[in-house]
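Notes follow once the structure below has been shown.
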Amino acid sequence: MPEEVLRQAAEQMLDWQGSGMGVMEMSHRGKEFGQILAEAQADLRALLAVPAHFQILFMQGGGLGENAIVPLNLSRGGVVDFVVTGSWSAKSHKEAARYAQPHLAASNADSGHTDVPAPEQWALSESASYVHLCSNETINGIEFQQLPDLAALGSRAPLVIDFSSHVASRPVDWSRVGLAFGGAQKNIGPAGLTIVIVREDLLGHALPICPSAFNYRTVADNQSMYNTPPTWGIYVAGLTFKWLLAQREGSLSGVAAMEQRNIAKADLLYGAIDSSQLYVNKVARAWRSRMNVPFQLRDESRNQAFLDGAREAGLLQLKGHKSVGGMRASIYNAMPLAGVQALVSYMREFERLHA
Ligand SMILES: *Cc1c(COP(=O)(O)O)cnc(C)c1O
């Protein structure tokens, strides 16, 4: 989270804008919270340039919840195409079998989730309800640098993307998307808020067993207040949206400015990895994530020494996911270039000492 946002939230913790109450003390149906919610939605729409024919929903249940909620709402119990590129899309594929007929259209499992088959090679179904992919695989460090044009690939299905771990780090091409979902906790705010951005025409087709609180039509018709929304999460996310909108990089602002910074951060880190004898990133270059950078030490016996030294240098949370091993640097929006520079200096020093 941006430090500025955390400070703002702390300052207003006991008294939001002179109202005499903190956000956690407000009724979600009062005019104060109504204003917070409406502003957060409008700011997110502006930030991600969400077209008018998409609804922005603030929900709960996280990315894993959406693995069930999306098929409950969109599958009509029919065939759903899955493009499996790593741990998160593999989970989505598995969960969907409870509600729909998942079809594995493509998988990169045999590359160990390090390369992705070209979209032209995907075995898309003729009449899928939707096509699911994870646009940034957080654990494996794989990112779609552009979203596939499904119509050009012969599919009439809408594209569903799980953008949990790179939301607001780059623009979204909404002409290629039917629905995008993501937990807020990686790039936007505290855990507990799930963002769903869905094209109008995809609402209203939920299976009868879909819980009312998870029915997109119901949530949309009630302005994300069918049940009590995660008010604190929405408030802090709203502060982050305003922070993001105010960011500038040359003539660019908002997400376009963040994208430039994220490219610079990722280039610096991958450059350091590629030019070293000790570190290696196994992901095919065209698919490397700007947000999550897994890397291994060629000599794995030094992993713990690397992590211990990093901690001493104030560099935390670098241990890789157990399924990939090694290290992982998650360089989300709020991580400044200086943070990546500090990591790269430490990596060079560690390599020099252990060469
Ligand atoms: C973290 C993450 C999730 C998990 O979401 P929860 O909020 O824990 O349910 C899902 N998808 C991706 C891509 C993630 O990075």
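Cβ atoms are placed via backbone N, Cα and C, with glycine included.
Curation plays no part in TrEMBL annotations; they are all automatic predictions.
Among the candidates ASP110, ASP115, ASP162, ASP201, the residue that TrEMBL names alongside TRP88, THR138, GLN185, ASN227, THR228 for the pyridoxal 5'-phosphate site is ASP162. Only THR138, ASP162, in sequence order, out of the binding-site residues ARG29, THR138, ASP162 have a CB under 6 Å from ligand 1. When Cβ neighbours within 10 Å are tallied across all protein chains shown, the highest count among the recorded positions ARG29, LYS186 belongs to LYS186. Neighbour density at the Cβ, taken as the number of other Cβ atoms within 10 Å, is lowest among the binding-site residues THR138, GLN185, ASN227, THR228 for THR228. Each of the binding-site residues TRP88, ASP162 was scored by how many other Cβ atoms lie within 10 Å of its Cβ, and the smallest score goes to TRP88.
Between the C-alpha atoms of ARG29 (L-glutamate binding site) and THR228 (pyridoxal 5'-phosphate binding site), the distance comes to 9 Å.
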